[in-house]
Amino acid sequence: MQRAASIQLDSGALRHNLEVARGLAPEVAMWPVIKAEGYGHGLDWAAQSLGEVADGLAVSAVEEAEVLRRSGFDGPLLVLQGGRDSAGLRRCAELALQPAVHAPAQLEALDAASVVLPEVWIKLNTGMNRLGFAPAQADAVERALRAAGHGGRGLHWMTHMACADDPADDHNAAQLSAFATAVAGRSGARSLANSASLFAGWGRGVGHGADEAFRARPGIMLYGCHPASVPAETPPEGPDADLRPVMTVQAPIIGIQHPAPGDGVGYGATWTAHGGERIGIVAMGYADGYPRHAPTGTPVRVRGQLCPLVGRVSMDMLAVDLSDVPEAAVGDLATLWGEGLPVERVARAAGTIGYELLTRVAGRLRPA
Ligand SMILES: *Cc1c(COP(=O)(O)O)cnc(C)c1O
């Protein structure tokens, strides 16, 4: 009997999902995003699984890039937040990283670092209002970088979409056109598409010339989670059967209870039995990364069937109503999400998004 919660990772599914992304945007280079420990799957694992089939990889910070270089990844690496100071920018040069430059302070730090960066991505703020220079500053930033000798192999242009998961949102058209206008006539690759933008058909932006080269930055879809919010009636196969789950989280049933009518289950006795239910106790809790706020009714998969969670999630246990699966027994593995139960479905029930569930899985669950 397996005693603890654990996760299985499927690198074939990860590579399959990259092919799905390529299918959505042929002729666009794919730079998978593996920040936040590869969206919870492990930074090195994600790099090893994708490194040879991707055009480049993207992380948030120089520290993550350092880990990857130490592990032997020597392919192109984009650092989405760039270097924070001169020391960070010197590391970018030493490790052949491609930092994004998004703020005036980074230009000053770059001067002070006295290094030359062959490839830099200039980040424009087209409406997300998180990181980036105003489009009107594109010219000044490009001149400053070129004057200091940066970008010999390429000065690239990137922006990030705020509302791509709802393609009908008006912000999208405004951002897409601001980006196309700002980069028109400039050399270097363009990059705007996250997963949601690829599904919306914006891998090459909107309104760009046919000769402009594009790079996409898909994250969540590669891990088998659809970026759009998922309707409640979504079938268990997921909103897009083409995406395959990469992470499957499982934990054994370690006990069975037969509460009497009116008995409560778990802390606060927030769920009470009608009588006749079989309640399975699963060795997975919020310390393992299961959302504590998942309410009664959140699906858990046992013997191929979806069973409702009941009562409050504990630190390393949760309860499931097994009444519809009479053959379920102690020692059975319950699936919390993954194969047969898309993470976005669990996320929706718990009032969050798949991104949060995947990135919060406790590192100790991952295979060594
Ligand atoms: C995280 C991130 C992505 C990937 O987004 P997904 O929604 O996971 O596809 C792309 N670009 C930037 C700048 C990001 O921060």
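Backbone N, Cα and C atoms are what each Cβ position is placed from, and that goes for glycine too.
Long-range Cβ proximity for K35 (active site, proton acceptor), meaning a same-chain Cβ under 8 A and a gap of 6 or more residues, is found for A58, V59, S60, A61, E64, L80, G219. Annotation comment: TrEMBL describes K35 (among others) as active site, proton acceptor.
According to TrEMBL, the N6-(pyridoxal phosphate)lysine annotation covers K35.
Taken from TrEMBL, the feature substrate binding site applies to R130, M315. Around M315 (substrate binding site), the C-beta neighbours below 8 angstroms that are at least 6 residues distant in the chain are G285, Y286, A287.
For the domain 'Alanine racemase C-terminal' (246-368), the model gives a mean pLDDT of 96. Sequence annotations record features per position, and here TrEMBL assigns domain 'Alanine racemase C-terminal' to 246-368.
DSSP assigns Y267 (active site, proton acceptor) to a helical segment in the three-state reduction. The annotation active site, proton acceptor is assigned in TrEMBL to Y267 (among others).
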Cα-Cα, R130 (substrate binding site) versus Y267 (active site, proton acceptor), nearest Å, comes out at 40
Relative to the Cβ position of Y267 (active site, proton acceptor), how many further Cβ atoms are located within 10 Å?
11
With every protein chain in view, how many other Cβ atoms are within 10 Å of the Cβ of R130 (substrate binding site)?
10
